[in-house]
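As recorded in TrEMBL, the features of this protein are as follows:
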TRANSMEM  25-48  transmembrane segment
DOMAIN    41-290  domain 'G-protein coupled receptors family 1 profile'
TRANSMEM  60-78  transmembrane segment
TRANSMEM  98-120  transmembrane segment
TRANSMEM  140-168  transmembrane segment
TRANSMEM  197-225  transmembrane segment
TRANSMEM  237-261  transmembrane segment
TRANSMEM  273-292  transmembrane segment
Amino acid sequence: MQRVNLSTVSEFVLVGLSDAPEVCFLLFVLFLIIYLATVAGNITILVAVGTDTHLHNPMYFFLGNLSLLDILCPTVTVPKMLEALLLKSNVISFTGCMFQLFFLIDVVGTEIFLLAVMAYDRYIAICHPLQYVNIMSMKLCAHLALGTWVVGFFNSLLHTSLIFTVFFCDSNEVDQYYCDIPPMLTLSCLPTYSRELVILTVAGVLGSSAFVVTLMSYTCILLAILGMNSSDSRHKAFSTCGSHLTVVCLFYGTTICTYVRPSSTYSPNRDRIVSMLYGILTPLLNPIIYSLRNKEIKCALGRAISQVRSAL
């Protein structure tokens, strides 16, 4: 088979959703509604956190960062998918594919670390409430949030450089609706074992570190909640942490199924479904979960709506 250097490839073809032309318009409408609802829901959270003084604390500062990530994640992939469904234009340039993968891995990686930081914040709030204000200062929160973005950036830079320095064979068809690591590696003519090993090692070390912090934080939180004498205190703590834990389970479950495995186990049909869960549905569910399970968010949204009504 002919071997072609990646530098000679000028475009890729995203074929993830082009095999069902009879339902393309229906899928376009469905994903457009989901995308608009996702953006609107997360912008609502951002506005509530930014404008309501009752929410100016570390917990909601991190929640604002999460909402921003949940806007960016589908924005990286969904517009191109909508274009392909409506205009039948499923070709993406080499540069566009590279930047799409870079920003996607950047956002996903940053969110993994941010969820660990949010778990640590809840651990301090519940297990060390008297020291919470001193420990979780806004300066520390800003450093932690910035650190998640920086680590996510360099993690994505490494992954992208490893993917886009491979050699491709004749096919440039990406069997996914966006450029992602597993389908890109399957296009390589040469063995990708060493690259996969580096990717899995780096992702494993960083991801497992974040997971251990998250797991230990929630283990300590659970033990502390079970030791509380007041049923009201237990209910309030469970209500607050339940939202975080639900989001963590959704996000970790889908990302692990997608990335923490060798490319030889890549299954296009299964991966499309899993990628839609963490790339489209999870960002939609996050603001719903936090809004429905968080009394302070609901009160803040109620006050914002009242102010809008008064202004009108």
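Glycine is treated like the rest: Cβ placed from N, Cα and C.
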CB contact flag for the transmembrane segment (98-120) and the transmembrane segment (25-48), at least three pairs under 8 A: no
Integer mean pLDDT for the domain 'G-protein coupled receptors family 1 profile' (41-290): 83
